[in-house]
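A short write-up of the structure that comes next.
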Amino acid sequence: MSKQWVNNLQKLGPVIGLIIIVIILSILSPSFLAMDNIFNVLRQVSINALIAFGMTLVILTGGIDLSVGSILALGSAVTAKMLADGMDPILSVLLGLIAGGVMGAVNGLIVTKGKVAPFIATLATMTIFRGLTLVYTDGKPLTGLSNSFSFQLIGKGYFWYIPFPVIWMFIAFVILLFILKKTTIGRGIYAVGGNEEASILSGVKVNRIKVFVYTVTGILSAFAGIILTSRLNSADPNAGMSYELDAIAAVVIGGTSLSGGRGWIFGTFIGSLIIGVLNNGLNLLDVSPFFQQVVKGVVILIAVLLDRRDKK
Amino acid sequence: MEPIVRMTNISKSFSGNQVLKQVSFEIVPGEIHALMGENGAGKSTLMKILTGIYSRDEGDIQVNGRSVDYKDPKDAEKDGISVIHQELNIIPHLTVAENMFLGKEISISKTGILKTKIMRRETKKHLERLGVQLNPDKNAESLSVGQQQMVEIAKALAAETKVLIMDEPTAALTDREIETLFKVMNELKSQGVAIVYISHRMEEIFQMCDRITVLRDGSCAGTENIKDTDLDQIVRMMVGRALGERFPERRVEIGEERLRVEGLSNPGLFEDVHFSVKQGEVLGVAGLMGAGRSEIFETLFGARRKSSGRIFVDGKEVKIKNPYDAKKAGIGFVTEDRKSEGLVLELSVKKNLSLPNLKTLSNWGVISAKAEKAMADDFINKLRIKTHHADLQVKSLSGGNQQKVVIGKWVGINPKILILDEPTRGVDIGAKKEIYQIINELAAQGVAVIMISSELPEVLGMSDRIMVIHEGKVARILDKDEANQENIMQAATGGYRCVETMGQ
């Protein structure tokens, strides 16, 4: 029983890390813990967190998705173009999400039916989707989209003090937590990542589960792009570049194993908070953005090294 | 003779759980010393303490009369103690010679530039010392398991090994390879090497070993000379009581036909396989390794694609394209390799048990935690799976209990047909009998059981009929009354067909 307790404590490593970082930053910069700054951080975090949540599912199955940034760009471009053409905002958003889902499903089908390694498959689609975005937008940002109040609400709205993007993030978190913990699909995700062969031989529909996780990631990435578009009232075909790296970093810092089968979505949430808090805090402290990258890299390394030690 | 290794009063606990209590063990040069005990009795822990993987809490280890305290296996290797693990440490893409000298490459002084010619020559020399002809330039992946094992043994000999620890070395070998291995072991013995032989196979121990030490629940149950002891005594030492009949009796009314297979083929593996199994019947499947036994049933189960053939369950034809279809048709498959095919080691006992049953345990895709827990507890109880609770990771269980979890997975789907591929491999004698009992209970419930096994006594003891496979074809189906070791082996080696044609 005591061993279980130690295990749980080790699982809380990322949380303890986050608390330490928050304490240090709040001592160094008094404005850090101000209410509006906290919500500011949470809003910045929400974009990466939404993508990282999807990435968690993919990584749990033993895969990886490098195309999330491109899906974000194409998804938001689709929504933006529809809005610019005067389509109903809700329908435009829906079409953007569908585009994201389709791109994700394509990833899933290449991985399952084509039997291509996820790294290679999504490396290729990363370029393809980015290229399609540039073709679709003619390489130019789409601006001055809509005066629609409901569309602007998505990225700019507040519920009491809480920005809407933060609410979207929590809704996605709760849904995915439920799927992972309580449903047959969630169990399948862990089983496939833990031992794919044994899962197939247990009659688990492995291909279906893989297509599912890539599709969900596609939808969430597109949604992250739509939030950005709503806030900026424009869609940039170059948006989301290298977002896959921040998402993977959040997953890894949160303690999910890159080899699959082991991890949790709460860790990913904490992981994206750590990255967001560091970005914000170092900005407040006027640390050069060049040096910020060094700090972020070191944090990722520390997280992985600690995880290594736990395993032994 | 002076023992080369003497371990005295070794004790060891893991987080308060005592796994070895005052165990003493010794080996003299030129003897083969069997180390037996049920899974979890402490055999591997004792050997890991000897080779420095674990540290001991109490006790003393002397090698060549000198007290030692190894920090890691490299220290032990320097004193000539080597281990051949059950899972071989062979790197498939390297050649035999490269594997032989892995980590101990001979190079020009310290430059790291390899003396490949010398290493090749040395490899050849060491293999010849074992009486094995192998090309040092061959890729290791093209070798059979038995040949890979020979490379490992040669590797140990190259390191001037005086004590060789072998952990279940015959588990994956064919009969002929076992014969070669035994020849090599006798050769080593005559050269004065001491061998610790860990195995569950009684026959081998009586054939090969000089002495036997039995562990039970972390204590030493005794050391005996093989020629002064017998099977019953060893079993008593292992389980602390007499086990009674090795194969429990089964009184089952055999019913209607459950499964019929017609003309099942998978080119290159097997051809035109016909058979049927009835309710409550146990069909044993025998044959040499590589004859296509497992492949036939993997294909039947949908894990491989068939080229032709029809499958009938309860008289109705079923289409099986993947394991999911097979499960729906009421077929369960306890796979041969429980670690790579049977279990998700990171998941708990409960989650492994429920994996094929999630559909019945859920509503609209949401798993009922209560139903799942109830099911897991039920099977832990029924199959006597030794685990503290259902949420323990399955990898922390002993081999026999892991095997029961794999069986439990499939009992959960209420199968009409249950295929078991080597259900007792690597399982100790007590757990073996429990697995036989489980098979009997299933048969009594009307399940048609198919048991593939390389152990002839097991096939003979458990089956109502025996199907013998030879080179991808059904060589013969024998009734329980007419079957014996001789006619099974004859059919398995292709002898039966010769006799038949000569008779005509």
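Count begins at 1; order follows the chain as displayed.
Any Cβ shown, glycine's included, is placed from N, Cα and C.
Looking up the ranges A:211-229, A:230-248 in TrEMBL, the one annotated as transmembrane segment turns out to be A:211-229. Outside the transmembrane segment (A:265-284), and at least 6 residues removed from its termini, the chain residues within Cβ reach (under 8 Å) are 11, 14-15, 17-18, 21-22, 25, 28-29, 31-32, 37, 40-42, 44-45, 48-49, 52-53, 55-56, 173, 176-177, 180, 246, 249-256, 291-292, 295-296, 299, 303. Contact count against the transmembrane segment (A:90-110) (Cβ pairs under 8 Å) is highest for A:211-229, out of A:47-78, A:117-137, A:157-180, A:211-229. If you count C-beta pairs under 8 angstroms between the transmembrane segment (A:117-137) and each of A:47-78, A:157-180, A:211-229, the highest count goes to A:47-78.
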